[in-house]
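A.B. asks: Here it is, the structure, as structure tokens.
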Amino acid sequence: MSNYRITLLPGDGIGPEIMSVTTGILKQVGEQLGIGFEFKEALMGGAAIDATGSPLPDETLAICKDSDAVLLAAIGGYKWDNLPRHQRPETGLLGLRAGLGLFANLRPASILPQLIDASSLKREVVEGVDIMVVRELTGGIYFGQPKGIFETETGEKRGVNTMVYSEGEIDRIGKVAFETAQKRSGRLCSVDKANVLDVSQLWRDRITQMAADYPDVELSHLYVDNAAMQLIRAPKQFDTIVTGNLFGDILSDAAAMLTGSIGMLPSASLGAAGPGVFEPVHGSAPDIAGQDKANPLAQVLSAAMLLRYGLNEPEAASRLEQAVQTVLDADYRTGDIMSAGKTLVGCQAMGEALKQALG
Ligand code: IPM
Ligand code: MG
């Protein structure tokens, strides 16, 4: 029997609620398939700030490094929004990404037929949408130097961030993107701002050169402003999108919303070796925390990605994904995906329905 060590980072807001539903489901599928999970919980985000003063304590990073995969829920909240930057929950998340070398972020956005009417766009625009955003995650303007708020000689302050990509950084995310496109429909769109930014010109040159090694992939390029427009205008033209850290942050939220609710979408962050981090795309939703209103499905689907990409357990992953389909087919809905004629349930009840669906 395989036995996996999984680090759990429940974090803040609705994090603990959706995490507890998800670990219950993981245990159940593990029992069914003879897969053992050893869960170890660690502090991260606001919860870690309150307990230790740091959003990513050294101990947490060490526990993560020492595991087979990391399941993260959500971090942040109003309470910590005004702390100095190095103490913000978000800084902990960036530290985790950098500390584990997670340069590749996979964010699938596919519309589930049951939820088409939850999208703010017309049915004919979104029906059949199935996009994978491959976002570079440990470089670009998020990490480039120099950065900071500096005082000039006149006493005026200047805020600085720097968008940097080296050839090696572009090539390794490009490889993930081309290989992802190969496993999907074979279409890859690289998004940049090469009409203005030098860093984007290098990005475009490298990605174009790499295309020669992947004759089965049809490569296209878009400027990021146009890509944002096309995503809303005609999203079905996209299959796999590859882009840098900041553009990927923005476009993956837009892609997420095509599917009706950001509450449905999982993500995987992977490095060259070592454990990946699997987390929902949505945030910690402090406004509904502790009220049993949260949608746990993106967390469950993140656990499915953990099984598929992190542990190479595709059968267990499929069972979780199937359970999500089954509860939606049975018309169970949390508030964020509710529509007329469906049954409104809370986080716990959704968890129970998933357990039943797993059988
Ligand atoms: C995301 C989030 C993070 C990011 C924040 C919380 C630091 O928006 O994962 O998309 O900007 O990368
Ligand atoms: Mg974001």
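Note: Cβ is positioned from N, Cα and C throughout, glycine not excepted.
Okay, so TrEMBL annotates it like this:
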- 77-90, 283-295: NAD(+) binding site (BINDING)
- ARG97, ARG107, ARG135, ASP225: substrate binding site (BINDING)
- ASP225, ASP249, ASP253: Mg(2+) binding site (BINDING)
- 5-354: domain 'Isopropylmalate dehydrogenase-like' (DOMAIN)
- TYR142: site 'Important for catalysis' (SITE)
- LYS193: site 'Important for catalysis' (SITE)
A.B. asks: What binding-site residues among ARG97, ASP249, LYS293 have a C-beta sitting less than 6 Å from any atom of ligand 1?
C.D. replies: ASP249
A.B. asks: Hey, which of the recorded positions ARG85, ARG135, LYS193, LYS293 is the loneliest by Cβ count within 10 Å?
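C.D. replies: Candidates: the recorded positions ARG85, ARG135, LYS193, LYS293. Fewest Cβ atoms within 10 Å: ARG85.
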A.B. asks: For ARG107 (substrate binding site), which residues in the same chain are close in space, meaning a Cβ under 8 Å from its Cβ, but six or more apart along the sequence?
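C.D. replies: Sequence-distant Cβ neighbours: MET132, VAL133, VAL134, ARG135, GLY248, SER252, ALA255, ALA256, LEU265, SER267, VAL281.
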A.B. asks: In sequence order, which same-chain residues at least six apart have a C-beta under 8 angstroms from ASP81 (NAD(+) binding site)?
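C.D. replies: Residues satisfying the criterion: ARG88.
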A.B. asks: Please determine which of the binding-site residues listed here (ASP225, ASP249, ASP253) has the lowest count of neighbouring CB atoms within 10 Å.
C.D. replies: ASP225
A.B. asks: If the Mg(2+) site is taken as the center of the Cβ atoms of ASP225, ASP249, ASP253, which further residues of that chain fall within 8 Å of it by their Cβ?
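C.D. replies: Once ASP225, ASP249, ASP253 are set aside, the remaining close residues are VAL224, ALA228, LEU246, PHE247, GLY248, ILE250, LEU251, SER252, ALA254.
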A.B. asks: Which of these binding-site residues has the least crowded Cβ, counting other Cβ atoms within 10 Å: ALA285, ALA289?
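C.D. replies: Ranked by other Cβ atoms within 10 Å, the binding-site residues ALA285, ALA289 bottom out at ALA289.
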A.B. asks: Using C-alpha positions only, work out which of the binding-site residues GLY77, ARG85, ASP249 is nearest to ARG97 (substrate binding site).
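C.D. replies: Going through GLY77, ARG85, ASP249 one by one, the Cα closest to that of ARG97 (substrate binding site) is ASP249.
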A.B. asks: Does DSSP put ARG97 (substrate binding site) in a helix, in a strand, or in coil?
C.D. replies: helix
A.B. asks: Under a threshold of 6 Å between Cβ and any atom of ligand 2, which of the binding-site residues GLY77, ARG135, ASP225, ALA285, ALA289 are retained?
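C.D. replies: If the test is a Cβ under 6 Å from any atom of ligand 2, the answer is none.
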A.B. asks: So what sits near TYR142 (site 'Important for catalysis') in its own chain, CB-to-CB under 8 Å and at least six residues off in sequence?
C.D. replies: LEU94, ASN245, LEU246
